[in-house]
Structure formats: structure tokens, C-alpha cells
Amino acid sequence: MKSAEPDITYRSIIGITYPIILSMFSMNIMVFVDRAFVARYDLVEFAATLPAGNAATAIANLFIGMIAFVSTLISQYYGAGKYERCASSMWQGVYLSILFSAVLLLLSPWTSLLFDMLGHTGELLVYEKRFFHLILLSSCVQLFSTSVSGLFRGVGDTKIIMIAAIAGNLCNIALDWLLIFGNLGFPEMGGVNGAGTATIGGCLFTFIIYLAMLFLPKYKDSFGSLRNFRPDKEAILKVIRFGFPAGIQAFVQTGYYSLLLIIIGGIGEVSLAAANIVFTIEGLSIFPVLGLGTAVGIIAAQERGAGRSERIPLVVRKGIMLSLVFSALIIILFNVLPVALISIFQDHDSRGMFEQIKQAALPLVRITSVWIAFDTMVILLINVLKSIGDTFFIMVVYLTMPAIFYLIFPYWICVVHGRPLIWVWWDLLIYTFLMLGLVAVRFRSGRWKRIHVIHSQAADA
């Protein structure tokens, strides 16, 4: 059965987008508070959380990226009107989460040896390994949350995602305060143990909310969320086939970024601090685009599942128009108030050094405003291609392009020739422009029309 043809409007896109943005914003606040509490408790423990957290996240993203494809499968079945298949797909994600959690837990002792290989010693090494194990454990819970939330995300009910994410992040912050410092009679677990345990607690609370939402009449009756749990070999293989490239993309994105920071760190403390400040500003400003990309991807997948592929370019055009409005605002903000943005990070105890950091960061902020304009469209098109199932192409692009522009060129610029940091930013600007060209050509080629994630009369029409 084909679903009715809903109007594709700016309002419908924004309606799906804003809860995702608020979810991401709450996550960022939680991470900021989490790090601030750990830093206040012990700076050595704080230093351990950054590399350990990044390493654990990179490894977990391989599996979380795979499970996240469940929501694409659900979107397409929802568009095709196969509501019971939506719930069934969610449960296949749960079964895969059990398997992937076991793999993560088995790998945990071996992958933590990375810190020994990097030459870390003493207290720092102990804290890094401990936090690494705790974050991997929390990632196991996130796998299950990603599976169950895929049902709500896939049908476009992103308000449930927002409610669960905000509640879970608030729980995390509260547990941070209680467990790190031992407030209100709770045991004082310290920075690493307290923050890691709080993260697990917050993830569990989020997962419980998602489970509770499955009992809502809409999902229990119309989708059969509590009865369509039979294992489906075909659906599981489909998630692995299309999700594995998406998982590789998520893994290498995190890894390449971490390696880029290591290369930049070789220039000196001022350059690394300037880069971190600008990347932080960019990361905060890109939230609306990430939410927009997710929303456009959801709608595109639903249209594909409904057999209305001819409407997908319309979805993309409307998404691009919204992204251009956002890009214009970012360009104005970054070029009119760059000093104010950078000064947010000023440490009043080191004003002399910060003046050098500010001078290094100023031109970077302006260049970043331009690459965000390109990056907004890249994010949007990448999400659309992923939602259609073109994950192998995206994996190949992310395995090759960042290797050149995040590793080889920056190493050549910084280490071999000792050029200033701004050269790396020009390199990243060129990278974003070329990425836009690649994904735009891929989308306009129409090759994605040959990819069928679900085999229904609607999708094949």
C-alpha cells in the first residue's frame, strides 16, 4: 500500500529538524559540563578523558554507524506504508546490538593497549584505560538506544528523540555532580570513575524512555512495536550490507579528525589552541545543519520507499535553500564578531599567550565561515544519499578524500615544510569545495535510483 502524498514544505522540514537540533544542543551542554566537572576535580584525570573518550567513540562509531542504518530502513518502509516492517526492522537492530555489544566488550582489553603503544605512563595511563572501558560500556547501551530510536526517527517523530535525549543528558549532568564530588551522600568516585559511570547512567535512562515510548498506542497498535520481534535474517543482512559502509564512514571521520589535531599539535601550543578554538566554534555552529541534514534524509527515504523518487530533488532543493539562509547568517556572524567568538575561550591567567592565539585564530574563523557554506550542502547531500542506500559510495569518498586533505597535505604543510596554520585552513576549504562537487555530481547522476534498499512495488516503481 502506498502512503498518501504529503506536501513537502519548509514547515514540514523544520518541524522534523528543530527537535534534532535541541537534542544535539543538550548533548553538547552535557559534554561541556562533564568536562568542566572533571577538570575541576583533577587536571590529570581531565587530560585522560579527552584521548580516551575520542578513541572509544571512534571504535564504537563503527558499530553505532551500522545500527543507525536501521532508521533508514524504517523510513523507507514507512514511506511504502509497511508499518509492521518498521517495527520488525527495529528489532533486528536490537539483535545486532546484542552481537556488537559482545564484540565491543571482548575488544575492550585489547584496544586499550593503544595507550601503551603511544608511550603513555603512570597515572595518566591508568585513568585513560579506565575511562576508555567505561565509555565503551556506555556505547553498548547507545547501540540499543540507536536501534529503538530508529523507529521514531524513521517515521519522523523526532520530538520523542528530543525528549529522551534531553532527559538523558540532564540525568548525566546530575549524576556527574553527585558521583564525581560525592554530593548528597553519594560516594565520591572522582573524575574518571564518576564521569564514566554518569555517562552509563544517562545512556540507560535515555534507553528506558525509548522503551517506554514503544507502549504508546500509535506504535503498539499501528506498528506492532511489541509483537513484530521475530528475527529476520534478510533484514539483518540488509542492515549489515548497507550499514557497514556507513559505520566505516563514521569511524574514519572521527579517526582522521583526531590525527589532524595531532599533526597540528606538532606546530606548537599556540597553533593547536587556535585550531581547537576554531573547531569548537565550528562544531557548535554546525548543529542546525546536522539537524537539517537528518530531517531531509528522513523525508527523502520516505519518498523513496513510497516510490516517489521524482520528488527527492524537490526535498533537496528546499533543504539547500534553508541551508543557504543559515550559511549567510554564519558568514555575517563569523566576519562581524570573530574577536567576540574567540574571546569566549580566554583564560585571564594567560593573557599574553591568548593574544597570540587570538591573532592566529582570527583569519581561521573567517575562512571557516566560507567552508561552512560548502559544508552545509555536503552534509545535506550526504544524508540524502545515505538515506537512499548509496552508502558504499560515501564510504569510498570518506576513506580517500580526508586521507589526502586531513592527513597527507597537512603533514606536508606542517611537518615537512613548517608552513603556518592558515595553510591547513586553505587546504580544508579546498577539501570541502571538492567534496561538494563529488556528492553533487553523484546525486545529479541519478545512479542512486538503481539502489533498492527495500523490494516493494512502491520502491521499484
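Cβ coordinates are placed from backbone N, Cα and C, and glycine is handled just like the others.
The shown structure was predicted, so the numbers you read here are calculated from the model rather than taken from an experiment.
These come from TrEMBL:
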TRANSMEM  12-33  transmembrane segment
TRANSMEM  53-74  transmembrane segment
TRANSMEM  94-111  transmembrane segment
TRANSMEM  131-153  transmembrane segment
TRANSMEM  160-182  transmembrane segment
TRANSMEM  194-216  transmembrane segment
TRANSMEM  284-301  transmembrane segment
TRANSMEM  322-344  transmembrane segment
TRANSMEM  364-385  transmembrane segment
TRANSMEM  392-413  transmembrane segment
TRANSMEM  425-443  transmembrane segment
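Here the transmembrane segment (12-33) touches the transmembrane segment (160-182). Their Cβ atoms form 3 or more pairs under 8 Å, with each pair 6 or more residues apart. Most Cβ pairs under 8 Å with the transmembrane segment (425-443) belong to 392-413, among the candidate stretches 160-182, 284-301, 392-413.
With pairs at least 6 apart in sequence, the transmembrane segment (364-385) and the transmembrane segment (284-301) have 3 or more Cβ pairs within the 8 Å limit; the two touch. With a cut-off of 8 Å between Cβ atoms, the residues of this chain six or more beyond the transmembrane segment (94-111) that come close are 55, 59-60, 63, 66-67, 132-133, 136-137, 139-140, 143-144, 146-148, 231, 236, 239-240. Taking every recorded stretch in 53-74, 131-153, 194-216, 322-344 and counting its Cβ pairs under 8 Å to the transmembrane segment (160-182), the highest total belongs to 194-216. Sequence-remote contacts of a segment are chain residues at least 6 beyond its ends whose Cβ falls under 8 Å from one of its Cβ atoms, and for the transmembrane segment (322-344) they are 10, 13-14, 277, 281, 285, 288-289, 292, 357-358, 361-362, 365-366, 368-370, 372-373, 376-377, 380. Residues 245-246, 248-249, 252-253, 256-257, 259-260, 263-264, 382, 385-386, 419, 423-424, 427-428, 430-431, 434-435, 438-439, 442 of the same chain, all 6+ positions outside the transmembrane segment (392-413), place their C-beta atoms under 8 angstroms from a C-beta of that stretch. For the transmembrane segment (131-153), same-chain residues at least 6 beyond its ends with a Cβ under 8 Å from one of its own Cβ atoms are 48-49, 52-53, 55-57, 59-60, 63-64, 67-68, 70-71, 73-75, 86-87, 89-90, 93-94, 96-97, 100-101, 104-105, 108, 111-112, 115, 160-161, 164, 192-193, 195-197, 199-200, 202-204, 206-207, 210-211, 213-214, 219, 223, 225, 294, 298.
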